[in-house]
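Notes to accompany the following structure.
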Amino acid sequence: MNKQSWLLNLSLLKTHPAFRAVFLARFISIVSLGLLGVAVPVQIQMMTHSTWQVGLSVTLTGGAMFVGLMVGGVLADRYERKKVILLARGTCGIGFIGLCLNALLPEPSLLAIYLLGLWDGFFASLGVTALLAATPALVGRENLMQAGAITMLTVRLGSVISPMIGGLLLATGGVAWNYGLAAAGTFITLLPLLSLPALPPPPQPREHPLKSLLAGFRFLLASPLVGGIALLGGLLTMASAVRVLYPALADNWQMSAAQIGFLYAAIPLGAAIGALTSGKLAHSARPGLLMLLSTLGSFLAIGLFGLMPMWILGVVCLALFGWLSAVSSLLQYTMLQTQTPEAMLGRINGLWTAQNVTGDAIGAALLGGLGAMMTPVASASASGFGLLIIGVLLLLVLVELRHFRQTPPQVTASDS
């Protein structure tokens, strides 16, 4: 592939066997988690007929994920990362087996579903942090942009496929099949992950885990560059919560049930296009400025989304948001990995991923509050333009990020 091409270069999957193993394991894992994501709310709704109970399970799992990201960040900086990844995946699979056995009971236990949701949320996120911290060692820091784009495509593809498979399984075999196949898929991911090389953490003094986590917070707050990246990531995730307004906006546009699906597909489609056309991003001399501008553009797209007179134009705005947010997210990921010291990678990746989880929840809550006081159109526009104003202020304040320059990585013959 020509080094000037906009298209994503997939050569890492050929030249880096360890990354290829991670790619395969991640795809299987995403499909497995997707089967779980369909089954849990359906089972709870069937048992309780309560949307509140369904929401409670999501909240509990999200809380466990947040704690798991914090703990996983500390563990990834203290212990051999391959062992942490394998332990987390295996333990997570045990929880899926528990859900399967519970579903096979004549009267499944609701409490067991909640407790196993906590178990799986914690251990799943614990492994994610260790894997993120290990990625620079697996592909080299010069290939992080390419690895991030391939990973983004994996996530998007798996997120599209798994709900469809999960729905078919629910229609034919019930939730136990979803849980059983999710468990099988999780244990299958251990096979490629076993081929990974040893991933020891960098040498550093031993300290109390809480003190170690606080050191990560202090680094994040003290670094204008890394802290600014994390802040932008949180705001971008808040903007993506606009999906909670889709049903109300669909009524406003008088959309059919089939047409509503286009709203939900638009952002993932835009993000996939962003990942596929990210070939030149790694060669940007000023990635910080590009990150800021793409983030501002994504906020503008959300602000305009609700104002569109036709739903098809709203879909275009959402796809544009998906594309711009993908560009910003890839730059965030790459700069975070390259500008964070090796000894801090686990904790900073954990904090960065955690702000994605909390940013989405905060954004959904704020939009829900706005929706109670304003029309859906006004709520969507207010959120987008409000974030745009904050983004412009950050463009002025984050001077170090705005002026950051990097030397574009050298492209070898194998990459061309």
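Residue positions begin at 1 at the first shown residue.
For all residues, glycine too, the Cβ spot is worked out from N, Cα and C.
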On the question of membrane sidedness, does Swiss-Prot record Asp77 and Leu13 within identically named topological domains?
yes
Two-stretch contact, the transmembrane segment (56-76) and the transmembrane segment (110-130), at least three Cβ pairs under 8 Å
yes
For the transmembrane segment (257-277), which recorded stretch in the set 84-104, 110-130, 314-336 gives the largest number of Cβ pairs separated by under 8 Å?
314-336
Among the ranges 22-42, 84-104, 314-336, 379-399, the one whose Cβ pairs under 8 Å to the transmembrane segment (157-177) are most numerous
22-42
